[in-house]
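These notes concern the structure reproduced below.
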Amino acid sequence: MKTLLLTLVVLTIVCLDLGYTMTCYNQQLSQPQTTTTCAESFCYKKTWSGTIIERGCGCPPMKPPIRLKCCRTEKCNN
């Protein structure tokens, strides 16, 4: 009985993927829309003079004149 219970617990953990992942856009400039699955809990969008120059996972440090917008919801960096 204990073996069956342990097997069910392990199977549940493997199937549910307890590590949370997030989906962020990662296309550059005018490329077609693409997404990536991220382990980080942020997505970001870099802009320069009003033009989006980079998208991705995380929230990297940035210095002016490049602007950085970080967000915490699925596909929020479009």
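A Cβ is built for glycine as well, from the same backbone N, Cα and C atoms used for every other residue.
So that you can see what the record holds, here are the features copied from Swiss-Prot:
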DISULFID  C24-C43  disulfide bond
DISULFID  C38-C57  disulfide bond
DISULFID  C59-C70  disulfide bond
DISULFID  C71-C76  disulfide bond
SIGNAL    1-21  signal peptide
Alpha-carbon spacing, C70 (disulfide bond) to C24 (disulfide bond), which is rounded to whole Å: 11
C-beta crowding around C70 (disulfide bond), within 10 angstroms: 16
Spatial neighbours, same chain, of C24 (disulfide bond) - Cβ under 8 Å, 6+ residues apart: T35, T36, C38, C43, Y44, R55, G56, C57, K75, C76, N77
Inter-residue Cα distance where the pair is C59 (disulfide bond) and C71 (disulfide bond), in Å: 8
Count of other CB atoms lying within 10 Å of the CB belonging to C59 (disulfide bond): 16
Listed disulfide-bonded residues (C43, C71), ranked by Cβ neighbours within 10 Å, top entry: C43
The one of C38, C57 whose CB sees the fewest other CB atoms within 10 Å, among these disulfide-bonded residues: C38
